[in-house]
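A.B. asks: Got a structure here, written out as structure tokens. Questions coming.
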Amino acid sequence: MTTPALLPLSGRRIPPLNLGPPSFPHHRATLRLSEKFILLLILSAFITLCFGAFFFLPDSSKHKRFDLGLEDVLIPHVDAGKGAKNPGVFLIHGPDEHRHREEEERLRNKIRADHEKALEEAKEKLRKSREEIRAEIQTEKNKVVQEMKIKENKPLPPVPIPNLVGISGGDPEDNDIREKREKIKEMMKHAWDNYRTYGWGHNELRPIARKGHSTNIFGSSQMGATIVDALDTLYIMGLHAEFLDGQRWIEDNLDFSVNSEVSVFEVNIRFIGGLLAAYYLSGEEIFKIKAVQLAEKLLPAFNTPTGIPWAMVNLKSGVGRNWGWASAGSSILAEFGTLHMEFVHLSYLTGDLIYYKKVMHIRKLLQKMDRPNGLYPNYLNPRTGRWGQYHTSVGGLGDSFYEYLLKAWLMSDKTDHEARKMYDDAIEAIEKHLIKKSRGGLIFIGEWKNGHLEKKMGHLACFAGGMFALGADGSRTDKAGHYLELGAEIARTCHESYDRTALKLGPESFKFDGAVEAVAVRQAEKYYILRPEVIETYWYLWRFTHDPRYRQWGWEAALAIEKYCRVSGGFSGVKDVYSSTPTHDDVQQSFFLAETLKYLYLLFSGDDLLPLDHWVFNTEAHPLPVLHLANTTLSGNPAVR
């Protein structure tokens, strides 16, 4: 689920750029602090004096324009002839003029005393040295910082926690399977320990250069994306010392009040999703608090004429924009359509329906729109509410929108029938127009572009095998068996894309033209960047069928990653899966720890670890609990009504 270069290719994932260190909000001054402080004091005293002098003006009328804290009542003047209010003219009607004057005199005396006190304080400051003044200013700044931290970490209202089942365990009885699971855990340790050593606090790791790495999706700050993304994997694997290391970093360093432009989609699925999962698994309040802090920073992205959010938002200023390459300034379906799970949980945990309303507004808008051939185009203009280029894909740009329709239904304890209907309608159109069989008998999902089908499938689209299997139960007209079989066929096709390479790792995308099937043709499509989608599909199909081929295929992939992607400083993607001597891209993606290794670990674990009737995985593989209707506070849910 990530893209090479600098362009985000998918809803399920996007690419990388380098960041700088985290910066605490600071103030720039053109004057020295001591001079500013003295000038502010003198100006304050002058304003106080002028304000006080106002009350010594002659009292020409009983009607005053200001309420000075008296017991008189402010009422708007009414023109009796018109019966209309004249805004701007306020009359004070006092019952006792003598008492009114006494109160005015008291206020004058108070202002005079305050003025004299301010002058004395200014004189006192002038007698201090520059160093003393600077020390006082620094003390005040520190107090403000501490007050801000206390305010940011304020406790959220308590809510009933859903019934959490299967957050540990899953030990396999078979010795061979247990050894394979332990190997996956060792790979996770290798990835984490090297990130801890060489990239700590950075978003990602360059394992060969042994230094931190980042991409434009995270903006210009060190936000520790790998830490947040990996937390739940560490917890599930029982790596609790490493989990606590990450928790301490988040408590002390994770700061969202930075002047940094980030991808709304990516920080939602990786950060909010990761923090919420860590909260549910561990019960540590800090993760919930940080998730809500970040969510509040994302809300300005929804300030568009249609309510469809911008792709990017500045965490400090709240200014949003879209990717420059997106069709005519459009937002991307897989990005604005992949917020529902996290935002519903935010409303559940905070009692604030704003998050729920934001994502439901998106759904309502999409329901009203015409869809060519029943398909959702990948681009929607947030200013006009019109589709952009008619390009439909179940891979990059579209993928996780469909996934979240299904998972909204599952997460609601199968009560969100509106989401289920949208999902069923969408996959019927997809099956009719995009899913085809190659000459060699492989089922693939093409892309609809400019009125015709492009016979190319991306690695990102391989997640759909698992999605079809997950959604089989509950499908229309007794088609559960059909969709489970369709999921298995997609898994077979994606396995072939791995098996037909020199490294036994799949390319970024592969063609089905003539004699070429499940093979990348262009050099720019031959890379593998530690993506999880194929292994994700293997895991879902293992859970639903227990067919041993999925564990076998998953183990083949794990061995290939170990052999060709492992380096002394971590794990790296490779640039050409068809070359027996590949070169590395020198990036250890955060999703490798969040997804690829998690799905492999679950593939070799028992079904009692994170059972699918109690947990729903977001598109970054962060498990969120099913919200049973009896516990939910979401009164806007049609099922509740």
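Placed from the backbone N, Cα and C atoms, the Cβ positions cover glycine too.
As annotated in TrEMBL:
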TRANSMEM  37-57  transmembrane segment
REGION    153-175  region 'Disordered'
ACT_SITE  GLU266  active site, proton donor
ACT_SITE  ASP399  active site
DISULFID  CYS462-CYS494  disulfide bond
ACT_SITE  GLU508  active site, proton donor
ACT_SITE  GLU533  active site
BINDING   THR619  Ca(2+) binding site
A.B. asks: Taking the Cα atoms as reference points, how far is CYS494 (disulfide bond) from GLU266 (active site, proton donor) in Å?
C.D. replies: 25
A.B. asks: In terms of Cα spacing, which of the recorded positions GLU266, GLU533, THR619 are within 10 angstroms of CYS462 (disulfide bond)?
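C.D. replies: Checking Cα-Cα distances against CYS462 (disulfide bond), the recorded positions within 10 Å turn out to be GLU533.
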A.B. asks: What's the most sparsely packed of the disulfide-bonded residues CYS462, CYS494, counting other C-beta atoms within 10 A?
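C.D. replies: Taking CYS462, CYS494 as the disulfide-bonded residues, the minimal 10 Å Cβ count falls on CYS494.
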A.B. asks: For each of ASP399, GLU508, GLU533, count the other CB atoms within 10 A of its CB; which of these active-site residues has the top count?
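C.D. replies: By the 10 Å Cβ neighbour count, ASP399 comes out on top.
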A.B. asks: What whole-number Å value do you get for the CA-CA distance of GLU266 (active site, proton donor) and GLU533 (active site)?
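C.D. replies: Distance between the two Cα atoms comes out at 16 Å.
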A.B. asks: Can you give me the Cα-Cα distance between GLU508 (active site, proton donor) and GLU533 (active site) in Å, rounded to a whole number?
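C.D. replies: With the alpha carbons as reference points, the distance is 11 Å.
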A.B. asks: I need the CA-to-CA distance for ASP399 (active site) versus THR619 (Ca(2+) binding site), whole Å please.
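C.D. replies: Here the two Cα atoms lie 10 Å apart.
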A.B. asks: Per DSSP, what is the residue count of the region 'Disordered' (153-175) in each of helix, strand and coil?
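C.D. replies: Secondary-structure breakdown of the region 'Disordered' (153-175): 1 helix, 0 strand, 22 coil.
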A.B. asks: Including all protein chains shown, what's the count of other C-beta atoms within 10 A of the C-beta of GLU266 (active site, proton donor)?
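C.D. replies: Its Cβ shell of radius 10 Å holds 28 other Cβ atoms.
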A.B. asks: Looking only at C-alpha atoms, tell me how far GLU533 (active site) is from THR619 (Ca(2+) binding site), rounded to the nearest Å.
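C.D. replies: Their Cα atoms are separated by 10 Å.
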